[in-house]
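See structure below.
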Amino acid sequence: MTSEKSSVQLKSIYKPIASLESIYAGGKADITPDGRYLITTFGEDVIVSDLTNNLERVAKLEGDSEPVTTFVILPNGKSLVTVSRSQQLRVWDLESFELVRAFRVHDSPVLAIAADPSSTLVATGSADKTVKVWDLVGAFCTHSLRGHQGLISELKFHPKSSGDNLILVSGSEDATVRIWDLGQRKCVAVMTDHVSVIRGLDFSPAANYLISGSRDRTVNVWDMKTYQLAKTVPTYETLEAVGFLQPGTIFRNNKGETVNTTEQPIFYTAGEKGQLKFWDFRSSELIFSQPAPKKTGEEAHFITDVLYRPDDRQLVTVMSDQNITVFTLTDPTSDDAAADVATLVPTVEVAGYNEEIIDVTYVGLEQRHAVVASNSEKLRLYDLTSRQCTFLDHHQGTVLCLDATSSSHLFAVGSKDNTVSVWWFDARPDTPLNARARCVATCTGHTEAIGSVAFARGDVAAFLITGGQDRTLKKWDLGPLLALQEAALAAEGDSKQTQADRDAATARIAAELAAAPLRLTSLFTVQAHAKDINSIAVAPNDQLFATGSQDRTARIWSVDTGECTLTLTGHRRGVWRVEFSPVDQILATCSGDQTIKLWSLNDGGSCLKTFQGHTSAVVNIRFVTAGLQLISVGSDSLVKLWTIKTDDCVLTSDHHTDKVWALAVRHDEAQMITGGGDSELKIWEDCTQREMERLHTEQVQQLAQEQTLQNLVLAKQYRKAITLALQLDKPRQLFRILSEIRSNANPDAEAPANSGDTPCRLGDPAVDRIIATLSLEQLDRLLLYIRDWNTNSRQAEIANLTLQVILDSYSPELLLKIKHMNTTQNALIPFAERHYQRLDGLLTQSYMIDYTLHAMSYLTPFDEETQE
């Protein structure tokens with residue numbers, strides 16, 4: 001153990017290398033016409049994410065301190081128009097992401113916006129019951145349309161109208177649809193057959209019909225020639241979006257029949273049931289419906305908008321829980337289409353808002369994926385390489401805790417619905433992300449929310465320990481899952497079969513279990529604590545496990561019998577996390593009392609060390625570096641790295657902006673993940689070795705550069721020495737050079753050769769000439785050095801002499817062109833005045849010496865010999 005520890009290099013630096021941030025908090029979302037950018041509202045800002053590059057944030061269009069209410073991407077894809085609650089309309093360039101212009105549009109919040117086909121006009125609908133049309137180039141209003149008796153909820157330009165024949169359609173909270181002829185500047189039709197707010201408008205492919213979807217659970221079809229109601233299609237759900245599929249779209253309906261929208265016009269609807277539905281326009285028959293989403297939690301999530309991208313055969317759903325899913329329509333006539341493939345296949349899933357991240361764990365043999373619990377009943381499974389996400393539905397209550405086996409093939413989930421689910425992770429690279437995790441078993445028996453879960457630490461986990469708000473512990477038998485775990489481990493070590501065959505065999509076992517998840521058996525139940533159980537940890541040898549509770553104690557238990565063998569007391573607040581050392585018989589605990597404690601399990605549970613440094617509750621800890629160091633996170637938003645032997649905190653990071661709950665460290669400790677109340681999942685990398693190499697390289701370079709500077713000074717190559725010091729940004733070395741030149745100066749050389757010449761300031765005329773020929777960039781840097789030198793009385797002489805050379809050598813007009821001249825001179829003047837007053841005082845005091853010497857001359861002894 002000692003030799004193992006001595007060979008381990010202590011860590012000193014973890015740096016965040018990626019951040020999975022929230023990008024959508026409700027409101028409007030859209031995709032640019034070329035399919036590259038996803039644009040979403042996030043409070044007062046608009047976030048631009050690159051769909052082609054792992055959802056990397058491309059730009060953040062900062063708002064005007066008021067939430068953005070809506071926006072529209074112009075049909076040409078070159079500009080974005082946003083409107084905020086301050087009634088400011090802003091036009092943004094989508095190439096440079098710069099603000100082009102801004103102007104005020106309404107007296108009340110704008111709730112609907114649409115752009116005309118030419119991308120020169122936008123229509124805005126407001127809560128003030130008016131519709132206005134704006135010229136984007138001239139920033140003026142071309143039309144102000146009144147007539148609705150409620151706020152404007154939907155706008156749509158006629159796709160085949162233009163110029164003087166431009167037609168605009170508006171829908172309102174007053175349940176009416178109005179047709180506006182912008183050439184005639186009047187309303188030409190009012191359609192009144194809905195009884196609730198209008199939520200969707202779209203034109204048929206030939207533009208001879210208009211459909212309107214409403215929260216009255218109907219779709220109305222309007223004849224655009226007569227402006228009369230053609231028919232009403234009952235949908236039996238409140239609608240939020242409607243639209244037509246483009247002609248030529250081929251898909252398979254619910255009966256397995258192939259449908260071609262060229263022969264059979266189809267429109268889609270979406271709303272409160274969270275399903276995309278396709279309807280036959282002619283027969284009004286529902287021909288396709290997505291499977292009903294599994295209801296999780298108390299509140300059913302519904303679709304708030306649908307984005308249709310015909311060129312890519314994609315429908316994008318925006319959900320009320322801020323999640324966005326891109327569905328691709330499968331073409332059953334294509335060569336690679338399987339007979340059993342779904343009509344709508346989810347290809348991209350975006351977690352718009354992670355809420356408060358509660359827990360996280362790595363999964364998969366290579367640990368390139370992470371499961372996240374985020375104050376929701378849905379789990380989030382992330383591919384950490386591509387940053388893609390998928391959602392795992394199972395629980396009816398908020399997910400509170402996670403744990404994975406040592407092999408990372410299984411992970412367990414505890415929830416507020418009083419149950420625990422056990423999931424299998426399929427590590428095959430060709431498996432789609434949304435098919436990688438399958439629930440294979442459940443644990444039912446607790447009477448309140450599950451607060452912690454912990455697997456056995458062996459390669460094959462034989463049991464699972466759970467605990468929660470009912471203050472009881474349960475041990476669950478994982479025997480029925482041993483075959484699955486052993487098959488996976490055998491697949492990794494068996495060289496007689498191909499990897500594909502081994503993976504397929506393991507996947508078959510997992511599929512059988514997922515089809516009918518097992519109900520695991522509890523081996524014992526123990527009343528463990530007086531308050532909620534917050535944490536459970538199993539010892540590396542699987543003989544003991546520890547618990548931490550809100551009752552301010554941590555306890556050690558026998559895995560075999562479930563008996564408490566030791567109670568650890570000393571914390572003044574609830575214990576949030578317990579963790580066994582991987583090499584020593586030591587338990588670490590962290591608490592709401594802002595401390596971390598290490599306990600010996602050999603001598604009756606004595607407290608060995610207490611770490612203090614957090615300013616709020618410490619909620620999670622992990623051992624790293626073979627048990628020599630600890631990582632901690634807390635409610636103070638800090639991440640800390642501690643060295644146990646020296647009690648030193650070697651790293652404190654404040655990259656989070658709210659309390660940090662979640663912490664997971666990868667098996668190789670080269671990476672870790674944190675998450676918390678700021679809704680950000682941060683991925684950290686151990687940069688200790690790289691930083692040490694960088695520092696060593698910098699030290700070598702510094703020594704070489706200093707030697708070069710010294711050689712240049714000895715050779716009196718002052719121009720090269722001064723230029724090199726400025727280039728390397730070495731103010732200290734430059735000061736030494738100037739000081740040495742000044743101290744070695746010949747007093748006779750400082751006097752001007754002729755009466756009209758400028759005297760030498762720095763002790764060598766060549767040095768003065770060098771400073772007189774510097775570039776503006778070099779001058780800017782030198783003036784910043786002088787500013788800093790001038791704050792120290794010991795360095796003030798050189799600073800002011802150098803400054804005098806600059807003032808003698810350059811014109812004021814040239815000096816004013818220097819970048820930081822204004823701030824530099826403001827800093828120089830006060831210290832220059834202070835130095836002047838100090839020197840003036842010294843000069844005044846020197847006159848006292850002259851006076852004293854003159855007065856002492858009267859005391860000279862009388863010289864008798866001279867007298868004679």
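Quick reminder: no glycine exception, Cβ is built from N, Cα and C everywhere.
TrEMBL has this to say about the protein:
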REPEAT    61-102  repeat 'WD'
REPEAT    103-136  repeat 'WD'
REPEAT    145-190  repeat 'WD'
REPEAT    191-232  repeat 'WD'
REPEAT    392-423  repeat 'WD'
REPEAT    443-478  repeat 'WD'
REPEAT    526-567  repeat 'WD'
REPEAT    568-604  repeat 'WD'
REPEAT    611-652  repeat 'WD'
REPEAT    653-685  repeat 'WD'
DOMAIN    706-856  domain 'U3 small nucleolar RNA-associated protein 13 C-terminal'
*What stretch of 191-232, 392-423, 443-478, 611-652, 653-685 shows the most Cβ pairs under 8 Å to the repeat 'WD' (526-567)?*
443-478
_For the repeat 'WD' (568-604), give me same-chain residues lying six or more residues beyond its boundaries with a C-beta closer than 8 angstroms to one of its C-beta atoms, as numbers and ranges._
1, 4-5, 531-532, 534-540, 544, 546-556, 610-612, 614-623, 626-627, 630, 632, 634, 642, 644
_Please report, as numbers and ranges, the same-chain residues at least 6 past the borders of the repeat 'WD' (653-685) whose CB is under 8 Å from any CB of it._
11, 14-22, 353-362, 367, 370, 372-374, 382, 384, 408, 616, 619-622, 624-625, 631, 633-640
*Cβ-Cβ under 8 Å with the repeat 'WD' (611-652): same-chain residues at least 6 beyond its ends*: 4-5, 8-14, 573, 576-577, 579-584, 586, 588-598, 658-665, 669, 672, 674, 676, 678, 684
*asked:* I need to check the long-range neighbours of the repeat 'WD' (103-136): which residues 6 or more away from its ends have a CB within less than 8 Å of a CB in the stretch?
replied: 69-76, 78-79, 81, 83, 85, 87-89, 91, 142-146, 148-157, 159, 162, 166, 168, 170, 172, 180, 182
